[in-house]
Amino acid sequence: MQQFEEVHSILEKAKKITVLTGAGASTESGIPDFRSANGLYADANVEMYLSRGYYNRSPKEFWKHYKEIFQINTFHQYKPNRGHRFLAELEEQGKDITILTQNIDGLHQLGGSKHVIDLHGTLQTAHCPKCKAGYDLQYMIDHEVPRCEKCNFILNPDVVLYGDTLPQYQNAVKRLYETDVLIVMGTSLKVQPVASFPQIAKREVGATTILVNEELTGQEYNFDYVFQNKIGEFVEGLSSRK
C-alpha cells in the first residue's frame, strides 16, 4: 500500500510524465498478445508476411495475410479499457503526459489521449504510397485489396513492417530526456531499441521509473518502483489513494 501512496504523490507533483506501453495495456480490452507463446507471431511465416520486402514483391498477397494476422474485420469490437482511460484522465487534469506505445491498435487515442507516439505505427490507418492520401480502418475493411481512390495504387499500411526503421524513435528518445517520471506498463521489455528506454530514463536522465507488469522483466534494477500487477489493478490501487 505504501508504494501506491508514494507513486500517487510522485504523479501529483510531476511536471512531465512519459508512459511506455506494451501488449499488456491492450490485453485487458480483449486484444490478443501477438508475441505470446500461442500468439499469431508464433507462426514462423508471420515475420515474412509482415515484411517490407513481401509488401513490395506481392502487395495483394500481403494485404490478404495482413488482414488475417491482425483480424482487421473484427477490430472495431475492441474498446479502450481502464488503463487507457486513466492515462487520458491524467492528461485532462493538466499533466504534460506523452505515451510511447508499442501497440498498433490505436486504443490510447480512442481512449482520449492526445499526445501519443506510435512507435510501431497503427492499424487504424493506411496511406497511398504516391500521393500520401490517408484512409481509415473501415476503408481497409471494405476493400479486399485497398487502393487509393485517386491514384489506384495499393495502399501502404501505417504499421511499421519488418525491415522498416522506427520513424518515431528519435522523437521518443527526445521525450525521455525531458521527462521527470517514466511509467512502463504491460511490456516484457524484450524488444530493442525500446528495451533500453528504462535505462536511459533512470541512468542518464535521473527520472523516477515505475514498472507495472504481471511478469518480471529482468530489468527490475532500472526501476524505483515495481508493481507485479495487471494495469487495471494498478490503476485501482492508485485510485484508492485519492
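Quick reminder: no glycine exception, Cβ is built from N, Cα and C everywhere.
A quick note: this is a predicted structure, and the numbers were derived from the prediction, not measured.
Look at Swiss-Prot and you will find His120 tagged as active site, proton acceptor, backed by sequence analysis. Shown in sequence order, Thr101, Gln102, Asn103, Ile104, Val159, Val160, Leu166 are the residues of the chain, 6+ apart in sequence, with a C-beta less than 8 angstroms from the C-beta of His120 (active site, proton acceptor).
Residues annotated as NAD(+) binding site in Swiss-Prot: Ala23, Thr27, Phe34, Arg35, Gln102, Ile104, Asp105, His120, Thr187, Ser188, Asn213, Ile231. A coil conformation is recorded for Gln102 (NAD(+) binding site) in the three-state DSSP classification, outside any helix or strand.
Other Cβ atoms within 10 Å of the Cβ of Ile104 (nicotinamide binding site) number 21 in total over all chains. For Phe34, Ile104, Asp105, the entry in Swiss-Prot reads nicotinamide binding site, with the evidence type sequence analysis.
Taken from Swiss-Prot, the feature Zn(2+) binding site covers Cys128, Cys131, Cys148, Cys151. Of all the Cβ atoms in the protein chains shown, 14 others lie within 10 Å of the Cβ of Cys151 (Zn(2+) binding site).
Taken from Swiss-Prot, the feature domain 'Deacetylase sirtuin-type' applies to 1-242, supported by sequence analysis. If you take every residue in the domain 'Deacetylase sirtuin-type' (1-242) and average the pLDDT, you get 93.
Listed in sequence order, Leu20, Thr21, Gly22, Ala23, Gly24, Gln102, Val194, Asn213, Thr217 are the same-chain residues at least 6 apart in sequence whose CB falls under 8 Å from the CB of Thr187 (NAD(+) binding site).
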